[in-house]
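Reviewing the structure listed below.
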Amino acid sequence: MLIDQFDRKINYLRISVTQRCNFRCLYCMPKIPFDYQPKENLLSFEELFLFVKATIDEGIEKIRITGGEPLLRKDLSIFIKMISDYKSDIDLAITTNGFLLKDFAKDLKNAGLKRLNISLDTLDHKKAKTLAQKDVLDSVLSGIDEALNLDLKVKLNTVALKNLNDDELISLLEFAKSKKAQIRFIEFMENTHAYGKLQGLKRDEIIQILSQKYQIQLIKKDEKAPVSIYKADDYEFGIIDPHSHEFCDSCNRIRLSAEGLLIPCLYFDEASSIKEAVRKGDIKAAVEILQEVLRNKPEKNKWSVVDNETSSRAFYQTGG
């Protein structure tokens, strides 16, 4: 079992398999980065799996594959199959922008994937092109339909932004309901790589907008994640509210970057590399590095909205 210095059980591993993305979303990576790691600096899927297997043995129960855009990484379905074959009942999911999903959904399902989180910030073609700086909406919607047709469980993620999609929150909720998918509205998390003029909606503002049409009722607050579950009449949706709901006391996650950096907290600059240990085949040493990272995992993040601090680490490097 993995326990940090504050007696928190760590059972959730988020793996960023690539920094690259085919969108240039205003809230994440509006400009082409100059800090992409060359391919040789990235851990191969075989190397990643050696470490992942060890973390499962140590108590990891949930794995989320992220990016960048994970579907840009060649042979991702092979990596999914490695994990699924090793532990078929592990909670294994991918977060994707959905653009390539129509082409890859079947392979992912056959590899053992059961769940997807898909970004959907707007149903308007013009706004989608503004947000992603690319004409993406038709491909994303096709990807969502393909995943649902294959009986993959789908959650839709919407970053709620003032003057961009705040007039669509009800429409997005109703779209998700029509697809029998759960939507989760996300408070914008400030970071130094985002477009500087963006302003996000807070939880209460999201609820206020949805309340214009629906009776909103809080039904569940997950203490191990910054998500609260609500009902709009008979439909359940989520709000991921890091501004409004501090969950550090029960944080259960650790992050691994594509180049082998173990990151204890999204808003914490320190990180430790397992690359050398893994490439030497010394998985015991890699696990010891993981345990040391957990001993140094902070009690709380260093994000202070009052002081207008932002994350200096790019979310496309850590998967958000």
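Each residue, glycine too, has its Cβ placed from N, Cα and C.
For reference, Swiss-Prot has these:
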DOMAIN    5-225  domain 'Radical SAM core'
BINDING   Arg14, Arg64, Thr95, Lys155, Arg253, Ile254, Arg255  GTP binding site
BINDING   Cys21, Cys25, Cys28  [4Fe-4S] cluster 1 binding site
BINDING   Tyr27, Gly68, Ser119, Met189  S-adenosyl-L-methionine binding site
BINDING   Cys248, Cys251, Cys265  [4Fe-4S] cluster 2 binding site
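Swiss-Prot feature annotations superimposed on the structure.
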residue : record                               : DSSP (3 states)
Arg14   : GTP binding site                     : strand
Cys21   : [4Fe-4S] cluster 1 binding site      : coil
Cys28   : [4Fe-4S] cluster 1 binding site      : coil
Arg64   : GTP binding site                     : strand
Thr95   : GTP binding site                     : strand
Ser119  : S-adenosyl-L-methionine binding site : strand
Met189  : S-adenosyl-L-methionine binding site : coil
Cys248  : [4Fe-4S] cluster 2 binding site      : helix
Arg253  : GTP binding site                     : strand
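DSSP assigns Lys155 (GTP binding site) to a strand segment in the three-state reduction. The least crowded of the binding-site residues Cys25, Cys251, judged by other CB atoms within 10 A of its own CB, is Cys25. For Cys265 ([4Fe-4S] cluster 2 binding site), the number of other Cβ atoms no farther than 10 Å from its own Cβ, over all displayed protein chains, is 24.
Nearest by CA distance to Cys265 ([4Fe-4S] cluster 2 binding site), out of the binding-site residues Arg64, Gly68, Thr95, is Arg64. Taken over all pairs of the listed GTP-binding residues (Arg14, Arg64, Thr95, Lys155, Arg253, Ile254, Arg255), the Cα spread reaches a maximum of 22 Å, rounded to the nearest whole number. Among the binding-site residues Arg14, Met189, Cys248, Cys251, the ones whose Cα is located within 10 Å of the Cα of Cys28 ([4Fe-4S] cluster 1 binding site) are Met189. Checking each of the binding-site residues (Cys21, Cys25, Arg253) against Gly68 (S-adenosyl-L-methionine binding site), the C-alpha distance stays within 10 Å for Cys21.
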